[in-house]
């Protein structure tokens with residue numbers, strides 16, 4: 001029997017599901033329990049296809065627009081995703097007489113309120129974020145047309161020419177890189193000293209915590225694996241943070257079978273984290289894949305302990321989930337385990 005080479009896996013903590021993702025998944029599960037299938041969900045509830053597929057198997061139907069819901073099903077509930085929606089979406093739901101449950105992350109809702117507060121004070125709103133991301137679309141959709149400008153890069157900040165430089169306020173997308181946002185803000189605040197900040201930090205605690213844990217683990221890592229979907233903003237930012245913080249290479253993966261072990265080169269230290277919408281079962285799957293090839297020692301790279309929770313909608317608080325539902329909500333679904341074994 002061949003002797004396996006030693007390998008240290010630095011496991012970041014915190015990682016994976018945040019309180020907003022937990023809440024959003026729970027809302028869909030509770031709605032299915034209370035109202036029965038189908039429950040419609042506008043956009044992916046969170047950006048992870050395994051979560052989406054698991055909810056589909058339980059009776060959720062995902063649509064991008066409300067007019068995709070058949071008329072014969074418009075008595076069924078519809079859930080708005082964790083990323084938030086423009087004001088026009090609940091207005092359209094009311095026009096269709098739809099019963100809707102808002103799963104917008106409370107921290108995203110807070111950004112919406114901060115943006116509207118700026119507008120009430122007659123400030124033009126600068127939104128730092130990524131064009132096309134559902135959260136950005138939702139935040140911009142809270143404001144009057146022409147009342148918000150999207151700034152994506154330092155170059156955008158350098159060339160921005162507002163009509164009234166003395167009446168500006170900013171908010172940010174919650175899932176941005178802390179460093180990138182700081183660079184953009186530095187430019188904006190130097191150019192526009194009167195720029196009004198939000199009353200509270202826009203980048204969410206989970207984004208900051210996961211980035212800090214990645215920074216702590218990156219130096220000396222031959223490889224840094226981030227579990228997450230390509231359309232997950234916070235997961236892509238973790239890859240960038242790992243690269244900037246000293247990892248020799250950093251890769252975004254959705255499953256263990258995406259890792260090309262034959263081309264990784266010599267490894268002695270691999271660091272591992274997961275975006276806020278990535279289930280823990282995929283982290284377990286990746287560790288198992290490495291154990292088949294290496295003599296693995298796990299080191300925990302923990303920077304903070306998270307204990308945040310968010311309440312679900314009042315209509316759902318009397319519903320009890322099964323142990324299987326709880327396992328799915330916590331990212332440890334037996335259904336996913338079975339898929340892993342079939343790989």
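Note: Cβ is positioned from N, Cα and C throughout, glycine not excepted.
Sequence-distant neighbours of residue 18 ([4Fe-4S] cluster binding site) (same chain, six or more apart, CB under 8 Å from its CB) are 204, 206, 276, 306, 308, listed in sequence order. Among the features that Swiss-Prot reports, [4Fe-4S] cluster binding site is placed at 18, 105, 204.
Per Swiss-Prot, the feature (2E)-4-hydroxy-3-methylbut-2-enyl diphosphate binding site maps to 47, 83, 133, 174, 232, 233, 234, 277; the stated evidence is sequence analysis. In three-state terms derived from DSSP, residue 47 ((2E)-4-hydroxy-3-methylbut-2-enyl diphosphate binding site) belongs to neither a helical nor a strand segment and is classed as coil. Under 8 Å, Cβ to Cβ, and six or more positions away along its own chain, residue 47 ((2E)-4-hydroxy-3-methylbut-2-enyl diphosphate binding site) finds 228, 229, 231, 232, 233, 235, 277.
A coil conformation is recorded for residue 277 ((2E)-4-hydroxy-3-methylbut-2-enyl diphosphate binding site) in the three-state DSSP classification, outside any helix or strand. Within 10 Å of the C-beta of residue 277 ((2E)-4-hydroxy-3-methylbut-2-enyl diphosphate binding site) there are 32 other C-beta atoms, taking all protein chains into account. Here Swiss-Prot flags 47, 83, 133, 232, 233, 234, 277 as isopentenyl diphosphate binding site.
The Cβ of residue 135 (active site, proton donor) lies under 8 Å from the Cβ of 83, 84, 108, 129, 173, 174, 175, 233, each of these being in the same chain and 6 or more residues away along the sequence. Under the three-state DSSP scheme, residue 135 (active site, proton donor) falls in the helix class. Annotation source Swiss-Prot lists active site, proton donor at 135, citing sequence analysis.
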To the nearest Å, how far is the Cα of residue 105 ([4Fe-4S] cluster binding site) from the Cα of residue 234 ((2E)-4-hydroxy-3-methylbut-2-enyl diphosphate binding site)?
14
Starting from each candidate's C-beta and looking 10 angstroms out, tell me which of the binding-site residues 83, 133 has the most other C-beta atoms.
83
Can you see whether DSSP assigns residue 234 ((2E)-4-hydroxy-3-methylbut-2-enyl diphosphate binding site) to helix, strand or coil?
helix
Around the recorded [4Fe-4S] cluster site, report the further residues of that chain (criterion: Cβ within 8 Å of the mean position of the Cβ atoms of 18, 105, 204; site residues excluded), sequence-ordered.
19, 20, 21, 82, 106, 107, 108, 174, 175, 205, 206, 207, 276
Near residue 234 ((2E)-4-hydroxy-3-methylbut-2-enyl diphosphate binding site), which residues of its chain come within a Cβ-Cβ distance under 8 Å, counting only those 6 or more away in sequence?
175, 206, 207, 210, 228, 275, 276, 277
